[in-house]
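Q: Dropping a structure here in C-alpha cells format, bear with me for questions.
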Amino acid sequence: MTKNNLTTSWGAPVGDNQNSMTAGSRGPTLIQDVHLLEKLAHFNRERIPERVVHAKGAGAHGYFEVTNDVTKYTKAAFLSEVGKRTPMFARFSTVAGEAGSADTVRDPRGFALKFYTEEGNYDLVGNNTPIFFIRDAIKFPDFIHTQKRHPQTHLKNPNAVWDFWSLSPESLHQVTYLMGDRGIPATLRHMHGFGSHTFKWTNAEGDGVWIKYHFKTEQGIKNLTQEVADKIAGENPDYHTEDLFNAIENGDFPAWKMYVQIMPLEDANTYRFDPFDVTKTWSQKDYPLIEVGRMVLDRNPENYFAEVEQATFSPGTLVPGVDVSPDKMLQGRLFAYHDAHRYRVGANHQALPINRARNEVKNYQRDGAMRFDDNGGSSVYYEPNSYGGPTESPENKQAAYPVSGVADSVAYDHNDHYTQPGDLYRLQSEEERERLVQTFVNAMKPVEKDEIKLRQIGHLYKADPEFGTRVAEGLGLQVPEEVK
Ligand code: HEM
C-alpha cells in the first residue's frame, strides 16, 4: 500500500510538520527549514482582495432548463429548444458589508448567475430588486462610499447615506423598496431575482427586442422583520449562507422560474419614460411576463475559495443573441467588472475552473500572470495569419443599432422620480405602510442635520403626501412648505 505522504508544495515528502528545525530543543529556528518558510509564506498570501462591493456571499451550482420557446426573440443557443439544460453557477450576496459581515442586514441582495452555454459563458449579474439607486455609472463610487465606513471613525455613517440619497432623488424608488418588507429576505431562497437593466435579444433573422429579466422564487417570498433580523445578525451572522448550504445538502433544491418582459425596439422612443433608466420598472400591463425557463440549484461548492471567492461575474460576459442596451449604468458596468476581476483575481481569471467556458476558448491572448493552462501551446499566436488559426464569424457581431445626438455630459431627459415610488407606497396595505414609515424613521433618526432629513421628507411627500407627512411626524418635523 502506498503511504499517504504529506508533501511540500513542490511535491517532496515532509519529514516533520509539527516541529520546526531548531538548533537544539530550545532553538533558535534554522532558516534552512524550507518547509517552514514555504508554509508561513503561503499563509501570508491566503487572502485576495475581497470584492469592493458584494463581498459577503454564498454560491451554488445548478442548471437552467428551457420551458418555453423564445426562439422568435433570441438566437441564444442555450435557449434554442424547450427541455434544453445548461449547467450554471449562482452567487448571492449583500452589497455594502465586508466578507465577514452579517447576512441579515437591510441591503439589496446580489443575484449573480453564470450560464455555461455551448457558445460561451453568459453572466447575468442582477439583484433581488428590479431597480437601482442611481442611473449613471459616474455616481457609483460616490454612492458606495456613503454605504461604507467613515474615513475617521470607521463606523457606518447615516449622515452620508441620507445626504447622498436626499441629493439624488432618482434613488427614491429603490430606497422605498429597500425600507419595505422585501428589504430583508428571510433566506436567499425566498427572494426573487432581476436582471434590472434593459438588455437586447436578437433572433436568427437579426431582429431585436428590448427585454428585462425576472426570476420568481418557487419557494415563495418570505422576509424578516427588522427585530428578528437584528437578533439573528447577533446570533448567527452567517444565517443565509448556512441556510442555502443546508437546503441543498438536504436535497431541498431551490428553484426560480425565469420570465422576460419584451418591448419592441421602436417603443423605446415613445414610452412614457426612458426604458433604459434603471430606476424605473416597466409596467407589466404594457409588457407582460413571458415564461422562459427554470433554474435549479442542486449542488454545493466543494471548496468555497476556489468556486465562490474566485468566481468572476460580469454584465459584459455575453453570448450571441444577447446584447446590451444604452442604459448608462450598464454601460459603465461593462468596464467595471472585468477590470475588478483583473485586479482581484488576475489577468487569467477566466481560465480558472469555476470561470472557464465549457466550450473551447480559442483566441490570440497569451501569457500574463499565472497562465496555468497550456497557453495556446505552439499554435499560431497572431491574426491575420496563414496557418489556419481561429477566425471571426460576422454573423455573431453584436446587433447594429442607430444612434444620434450631441456628445455631452447630460442626464436622461425624463426626470419623474416620484410616480413609481408613490405607486409602491400606495400599493401597500396599512400594516405594510406602518412598517415602511417606521423603518424610514428609525433609519433617518441618527442623521445629524435636519436639513438632510427635511430634504428627504420633501421627496417622500412628492411621492405621496401621506408618506412624507407620516415620516415627518415620526421624526418630530414638519413637511417643508416649499414642497407642498
Ligand atoms: C459586484 C461595480 C451596479 C450587481 C460588483 C463589483 C464591482 C461592481 C466592481 C465587484 C466585482 C468583483 O470583484 O468580482 C459596479 C458598478 C456599478 C454597479 C461600477 C454601476 C455603474 C450594479 C447593479 C447591480 C449590481 C445595478 C444589479 C442590478 C452586482 C452583483 C455583484 C456586483 C450581484 C456581485 C457579483 C458576484 O457575486 O461576484 N459591482 N456595480 N451592480 N455587482 Fe455591481
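For all residues, glycine too, the Cβ spot is worked out from N, Cα and C.
Just so you know, TrEMBL annotations are computer predictions that nobody has curated.
Model, not experiment: these values are computed from the prediction.
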Q: If I go by TrEMBL, the feature region 'Disordered' sits on one of 1-27, 136-162. Which?
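A: My reading of TrEMBL: the region 'Disordered' range is 1-27.
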Q: What is the number of other Cβ atoms found within 10 Å of the Cβ of His54 (active site)?
A: 23
Q: Do any residues, 6 or more residues outside the region 'Disordered' (374-397), come within under 8 Å Cβ-to-Cβ of it, and if so which ones?
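A: Result: 320, 362-364, 366-367.
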Q: Quick check for the class: what is the C-alpha distance, in angstrom and rounded, between Tyr337 (heme binding site) and His54 (active site)?
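A: Approximately 12 Å lies between the Cα of Tyr337 (heme binding site) and that of His54 (active site).
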Q: Whose Cβ, among the recorded positions Asn127, Tyr337, has more other Cβ atoms within 10 Å than any of the rest?
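A: Result for the most crowded candidate: Asn127.
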Q: Cα distance, Asn127 (active site) to His54 (active site), nearest Å?
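A: The separation of the Cα atoms works out to 10 Å.
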Q: Averaged across the domain 'Catalase core' (7-391), what pLDDT does the model get? Just tell me the whole number, please.
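A: So the average pLDDT across the domain 'Catalase core' (7-391) works out to 97.
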